[in-house]
Amino acid sequence: MNETAWLDRVFSNTSLGHRLLDRLTLTNLRHAFYLISPYETTVESIDDVPNYNAEVSAWWLVFLTAEFFILFISGHEDRFALNDSITSICAGMLSQCFKFGGRAVAIFLYVIVWDNWRILELPWDSPWTWIFCLFFQDFMYYLGHRAVHEAGFFWGLHTIHHSSEYYNFSTALRQAAIQDAGLAIYDCIQAFFIPPSIFLVHRYFSEIFQFIMHTSLVDTMGPLGLVFNTPSHHRVHHGRNPYCIDKNYGGVFIIWDKMFNTFEAERHDDPPIYGLVTNENTFNQIYLQFHALWDILIFKGFTKDVKGEPMFPGVVNKLKATVFPPGWFPGVPVTPFFHWMSMVNPAHGVPEPEKPVLRYSPPARILVKVYVASSFLLLLAIFFHFEYDRNHLSYLDCTVKIAYFVVTMQCFGAFFDMKWYARYIEIARCCGVLIYYGVLMFDHIGAGTHRLFVISLHIMAIALWTTDVLVEKLSQCCSKNQSINPEKGDLERAPEIASISKNVQ
C-alpha cells in the first residue's frame, strides 16, 4: 500500500505537500540552529551546495505557526498582527525572488574575485578552513550589518527590516530585496583566500541562524549570551529606544560588538519598543522596500528646518547627507570606522518612544482580513513551487511569476492601508491572472485541474469585489436620494428643525 496515499488525496495535483513534509527532518531542524559540522557540509564546487534556505523553510513555517499559537494562548496577541506578519513574509518572498537559484547575487562576484585575484588558496577540504570561514565570515557580517545602519544611503538597503513594529519570527523574513548589493563588498573580501563553496555554506547558515533570533519568547540565555548572539541581544538591535540605536550588530557571535563597543544588554526596566525612530505607517511593499534609499539619496540634503532654512547648507554638506550616518546633521560629532563615519553618540536626537505605544494598524473589515489571509496562503503555495522549480523555469516564466508576486503584494498593502482603490486593483489583478491562464490553456498541458482551480478562485474573487463595489455604490445612491428627497413628515417639521439648528449654533 502507498504510504503517502492520504497525502495524494489532501494535496491532489500538487507535490507541495510532499516537498514540505520531506523537509521536516531532524537534520533540517538541526540546520535551522547552525548545528552542523565540516564533514557534512564541505564540498568542492558551489554547484554541490544545496539551497539550505529551501531545505529549512518547512521548519520556519512550523516555528511561525507555533509562535503565533503560543503568543495567542498566553495572552500576548499584542505581539503580532495579521497585516504586519503578512507584509513581513511577503518581503521575505520578494527578497528571494531577486536571488538567482536561491543564492545571493554576491556569489557571482565572489567567484570572479576568487578566479582572478585570490591571494591565498586555503584547502577546501580542510576542517580548519571551514572553522576559519565560520569566524571570519561572521566578522564580515558584523562589518556589513553595521555599514547598512551607519554608512549613509546603505541604510536605505536595510530600512524595511526594521520597519516592523512587532518582533516575532515573521520579522526575520522582512528582508530588503536589494540588500545583497550593499553587502557584496564584505562578501567578496573573503574571496581572496576562502574557497567559494565553503563561503556559500556559511553564507546560507549565517542567514538561516538569524531567523531564530527574532522572537520574544526566549529570555536571556545565561553564559551562551557572553559569546553568541541571542534573541535578547537582537531585540535590543531592533529597538527604537535611545539606548538601542546602532547596537548589537553581531550575527552568530556577539564578541564583535563587545570588541568595538557596540554591545548593549537588554533592559527589563526599559524593554525595547520596536520599529523605526519615525515609523512608516504603511503596508505598501514597494514603498517599504525602496523609499528610504530614495529619500537619503535625493531629498535628505535639501531638508529645511521649521524656519525654512536649509539643514544641509552647501554642496559638501549635501553630499555628506548621503554618506554620513542617517541621524547626522551638520555639527553632530562623528568618528571614522572602516570606510564610513560613525556617530559618536548614536542616540543623539533620538526621542523616547511614546507611551503608550501607538502602532499603525487601520481597522479592516472581517471580509478583507479573511480574503487577504486566504489569498496570502495561495500566494505562499505558488511561491514555494516557484522556489523549488525556479532553476527549471524559463526567463519568461520567472518574470511573469515575479510580476504576479509583486502585484499581489501591492494589493495586500492597499487593502491593509484601506486605500479606496484596493478593490479596483484587485479586480484588475484577478483579470490579469485569468488572461495569463487563458493563454496557458493552449500549451501542451491544457486545462489541468490545478489550473481550473486557480481560475475558479480568481473568478470568484472578481465576483466578490465587483458585488461589494456595486452594493456600496447603490447604498451611497440611496443615501443621497434620501437626503435630496426627504419624507413628507420631515418637510412638515422643517421650520422646527431649522429653529433647533439655529439655537445650537
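Quick reminder: no glycine exception, Cβ is built from N, Cα and C everywhere.
As recorded in Swiss-Prot, the features of this protein are as follows:
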type     : residues : note
DOMAIN   : 130-262  : domain 'Fatty acid hydroxylase'
MOTIF    : 145-149  : motif 'Histidine box-1'
MOTIF    : 158-162  : motif 'Histidine box-2'
MOTIF    : 234-238  : motif 'Histidine box-3'
TRANSMEM : 56-76    : transmembrane segment
TRANSMEM : 104-124  : transmembrane segment
TRANSMEM : 366-386  : transmembrane segment
TRANSMEM : 396-416  : transmembrane segment
TRANSMEM : 430-450  : transmembrane segment
TRANSMEM : 452-472  : transmembrane segment
Model confidence over the motif 'Histidine box-1' (145-149), averaged pLDDT: 97
Beyond the flanks of the motif 'Histidine box-2' (158-162) by 6 or more, those residues with Cβ under 8 Å of it: 91, 148-149, 171, 174-176, 179, 182, 238, 275-276, 288-289, 292-293
Remote residues contacting the transmembrane segment (366-386) - C-beta distance under 8 A, at least 6 residues beyond either end: 14, 16, 19-20, 57, 82, 86, 89-90, 93, 97, 393, 401, 404-405, 408-409, 411-412, 415-416, 454, 457, 461, 464, 468
Remote residues contacting the motif 'Histidine box-1' (145-149) - C-beta distance under 8 A, at least 6 residues beyond either end: 155, 157-158, 179, 182-183, 186, 246, 249-251, 262, 326, 337-340, 342
Summary of DSSP states over the domain 'Fatty acid hydroxylase' (130-262), given as helix, strand and coil counts: 85 helix, 3 strand, 45 coil
